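Copied from TrEMBL, the annotated features are:
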- E322: active site, proton acceptor (ACT_SITE)
- H323: active site, proton acceptor (ACT_SITE)
- Y126, Q186, N209: NAD(+) binding site (BINDING)
- S232, Q254, H257, H323, D356, E410, H415: substrate binding site (BINDING)
- Q254, H257, D356, H415: Zn(2+) binding site (BINDING)
Amino acid sequence: MIEIIQADGTREQAVIAAMRQRAAEQNSEIERAVRAVMEDVRARGLEAVRECSLRFDGREPYEITREQMEAAYAACPPELIRAMEHAAANIRDYNEKLLHRSVEWASPDGGRVGRVVRGVTRVGIYVPGGTAAYPSSVLMNAVPARVAGVEEIVMVTPPTENLSNAVLAAAKIAGVDRCIAVGGAQAVAALTWGAGFIPRVDKLVGPGNAYVATAKRLAYGTLDIDMVAGPSEVLVIADGSADPRFVAADLLSQAEHDKLASAVLLTTSGALAEAVRAEIVRQTGYLSRSEIMECSLRDFGCAIVCRDLEEAAALANEIAPEHLEIMTEDPRALLPAIRNAGAVFLGAWSPEPLGDYLAGPDHVLPTSGTARFFSPLSVESFLKSMSVIEYSRESLFPIREEIIALAETEKLTAHANSIRVRFEAAGARGEGK
Ligand SMILES: NC(=O)c1ccc[n+]([C@@H]2O[C@H](COP(=O)([O-])OP(=O)(O)OC[C@H]3O[C@@H](n4cnc5c(N)ncnc54)[C@H](O)[C@@H]3O)[C@@H](O)[C@H]2O)c1
Ligand SMILES: N[C@H](CO)Cc1c[nH]c[nH+]1
Ligand SMILES: [Zn+2]
């Protein structure tokens with residue numbers, strides 16, 4: 001059951017503050033537990049990973065062979081393979097359009113400058129698997145990495161019953177190189193420092209629960225990470241024209257991910273808020289993960305009745321949700337007012353699960369207000385660039401004195417010398433210049 005709150009400048013602020021608090025990475029108990037796991041893995045390597053994996057997931061880590069991936073693919077129903085291939089094609093298409101290609105041009109001084117773009121060498125992708133199987137997250141992590149030209153993609157996912165044929169088939173479709181059954185903070189630590197057969201990676205991406213999100217944050221610096229993608233969130237902005245069945249269904253679609261998930265309605269219509277509340281009760285009655293949904297809606301769900309859509313947009317920007325749905329008479333008209341969200345869904349026929357599975361943009365998105373500064377996972381997350389400079393004698397000559405003047409101002413005589421020596425007669429060095 002969700003609480004209905006009348007926006008009055010203070011009550012809704014208290015709700016927003018509570019949602020920020022929920023951020024797992026701020027939870028000191030989780031952070032203490034994660035630190036202990038990571039320090040243990042750093043000190044004792046694979047032995048510690050084995051012990052943690054047994055303790056938290058009931059199984060030791062292991063590597064899935066290519067033959068097992070092939071067999072899993074063959075065992076999946078053809079309609080599921082078709083759907084995954086379709087999703088992978090859309091993700092590939094979207095990311096190819098975003099791909100920053102290398103560029104080079106003539107500089108104002110007549111040299112050539114530019115940059116070349118390369119994929120990160122070895123990337124780890126985390127695929128959650130504690131309470132649900134996420135073949136879609138395999139595609140959303142790995143396909144953009146492949147488009148970026150990453151050399152080696154190492155997938156990790158907990159060794160639970162959620163490591164299904166569908167997850168392995170998705171790994172094959174997306175072109176994952178190695179697939180290792182290990183999850184939680186122990187997986188993050190192993191990929192950070194290397195542990196036995198689990199290799200160290202340059203960058204780790206992907207969503208996960210509070211333990212995974214905290215571990216990634218602690219690992220940052222030793223490796224690069226994409227963002228903090230923790231428990232799922234949805235915020236719907238709706239006016240009186242919205243269908244309460246659709247609004248309730250979309251709120252529930254994210255509430256079912258995790259007891260820490262959040263689902264918020266901002267509406268200009270008190271009547272819609274009441275109708276959505278009733279719909280939530282009705283629909284929860286026939287959905288399978290009702291216990292999780294009831295917890296997340298009770299703790300991190302609410303409907304806030306706003307004075308107008310401008311107030312709703314301002315609140316949404318403050319919350320910076322992972323997913324923002326706009327179900328108003330003219331959804332696109334509100335888009336210019338939105339600054340902070342992981343992904344925006346416009347109109348009644350763009351439900352959040354469309355983005356989770358098939359539209360093409362990634363479903364790995366910033367959570368807990370971090371959409372204020374993080375962007376969705378994409379091909380760009382797997383790229384790095386190097387600048388390239390190429391001048392000739394003729395293009396360097398006219399600017400030599402300026403470079404020398406700048407170097408001498410910094411008292412870096414070797415820098416100045418590097419330029420000067422090129423324009424001296426051979427053998428003129430050491431003559432007191
Ligand atoms: N933001 C996104 O893009 C996105 C996408 C998909 C899923 N999600 C989120 O990912 C999460 C998936 O969570 P999950 O739990 O199903 O899978 P998960 O793989 O993230 O976490 C499972 C792991 O947590 C560790 N763990 C569990 N309890 C622990 C404890 N008490 N101490 C130490 N470690 C412990 C275990 O090692 C286990 O392997 C959900 O919160 C979901 O909302 C987010
Ligand atoms: N909504 C999740 C991100 O918060 C992604 C997902 C995967 N499968 C279903 N949903
Ligand atoms: Zn989802």
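Note: Cβ is positioned from N, Cα and C throughout, glycine not excepted.
Location within the structure of each feature annotated in TrEMBL.
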residue: Y126; record: NAD(+) binding site; CB count, 10 Å: 29
residue: Q186; record: NAD(+) binding site; CB count, 10 Å: 32
residue: S232; record: substrate binding site; CB count, 10 Å: 25
residue: Q254; record: substrate binding site; CB count, 10 Å: 28
residue: H257; record: substrate binding site; CB count, 10 Å: 25
residue: E322; record: active site, proton acceptor; CB count, 10 Å: 30
residue: H323; record: active site, proton acceptor; CB count, 10 Å: 26
residue: D356; record: substrate binding site; CB count, 10 Å: 22
residue: E410; record: substrate binding site; CB count, 10 Å: 9
residue: H415; record: substrate binding site; CB count, 10 Å: 15
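In this structure, the recorded positions that sit close to ligand 3, with a C-beta under 6 angstroms from any of its atoms, are D356, chosen from N209, E322, H323, D356, E410, H415. Listed binding-site residues near E322 (active site, proton acceptor): S232 (candidates Y126, Q186, N209, S232, E410; Cα-Cα distance within 10 Å). If you measure from the Cα atom of Q186 (NAD(+) binding site) to that of S232 (substrate binding site), you get 22 Å. Each of P128, G130, V156, P158, G183, G184, A185, A187, V188, G208, Y211, V212, A215 belongs to the same chain as Y126, Q186, N209, is absent from that list, and has a C-beta within 8 angstroms of the C-beta centroid marking the NAD(+) site. Using a 10 Å radius centred on the Cβ of N209 (NAD(+) binding site) and all shown protein chains, the other Cβ atoms total 21. Between the alpha carbons (Cα) of N209 (NAD(+) binding site) and E410 (substrate binding site) lies a span of roughly 50 Å. For the NAD(+) site, whose binding residues are given in the record as Y126, Q186, N209, the maximum C-alpha distance rounds to 13 Å. The two recorded residues Y126 (NAD(+) binding site) and S232 (substrate binding site) have their Cα atoms spaced 15 Å from each other.
Q254 (substrate binding site) sits 9 Å from H323 (active site, proton acceptor), taking the C-alpha atoms as the reference points.
Among the recorded positions Q186, S232, H323, D356, E410, residues whose Cβ is positioned under 6 Å from ligand 2 are identified as S232, D356. Using H323 (active site, proton acceptor) as the reference Cα, a 10 A cut-off selects S232 from the binding-site residues S232, H257, E410, H415.
With S232, Q254, H257, H323, D356, E410, H415 listed as the residues that bind substrate, the site has a largest C-alpha separation of 58 Å. Under the DSSP three-state reduction, Q254 (substrate binding site) is assigned to helix.
Mapped onto three states, the DSSP output places N209 (NAD(+) binding site) in coil.
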